[in-house]
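K.L.:
Sharing a structure below in structure tokens format, with a few things to ask.
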Amino acid sequence: TLVMGVSPELLHEIEKLSSCDISDALVALGQELGGLIVDVKMFSPEMERGTHKIVGPAFTVRMTYADDPSPERPDKHFLDACPPGHIMLIQAPPGSVNSCWGGNLSLSAHSRKVLGTVVDGGTRDLLEHRELGYPVFARFHSTLPQSTFTRPARLSCPLTFQPAQSSHPFKPTPSTTVNPGDILVCDVDGCVAIPSDMISQVIDEAKKKRMQDQMLRYELSKGREWEKAQERVKARLRSGQL
């Protein structure tokens, strides 16, 4: 069965890759920020440890401030709108200090077969997420609730993520835009997004880079100097000795 137009075979291939593999591939393919959702880290099932990974299509939610006079409001609760087999991706408004995801939401999401939640903002009730084994990734954790400070504005919309600050003197701050249905891969190293029209390219490039990395690790394990090891890998690639 296709998931948002992605075959189970492709999803299975993506599951074999780490978030770092995918970022390397996306950078090589011209995505400057490598698909990274900046500053998001694993809070559950454990705190930045273990082999936990979630892979699936994004269901996007844009939050705004609770007192925002804009008439934009979803017709239904964002959790009820998220299909099973998806990853909830929530973007909080800049500067918010509250949680946008708590324990009761994890309980409901877990029972409805949502794969996990990624919050560009805060989460709370960490022990409740962990007791469920429900994956939660976020920028920070907070004691403050969602509804008092923020509210949903739009569902299933593009979301753009970039570093809070950048001091690069030569070029503008890069960003990552995630569209509904793009594939998220989140593990102990972070969360990345694969554009839905680049999945096959990313898999091929990531496999190639992983093979090169394995070759380099072999050379380094023999005690060779870094530059010498790099030269030997390049020579093998040029000669086709894979």
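Glycine residues also receive a Cβ, built from the backbone N, Cα and C atoms like all the rest.
Taken from TrEMBL, the feature substrate binding site applies to Gly102, Gly103, Asn104, Leu105. Taken from TrEMBL, the feature Mg(2+) binding site covers Arg124, Asp125.
Tell me about the setting of these features in this model.
P.N.:
For Gly102 (substrate binding site), the Cβ neighbour count at a 10 Å cut-off comes to 20, with all displayed protein chains included.
For Arg124 (Mg(2+) binding site), the same-chain residues 6+ apart in sequence whose C-beta sits under 8 angstroms from its C-beta are Ser99, Trp101, Gly102, Gly103, His141, Ser142, Thr143, Leu144, Pro145.
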K.L.:
Taking Asn104, Asp125 as the binding-site residues to compare, which has the smallest set of other Cβ atoms within 10 Å?
P.N.:
Asn104
K.L.:
Let me know how many other Cβ atoms fall within 10 Å of the Cβ of Gly103 (substrate binding site).
P.N.:
20
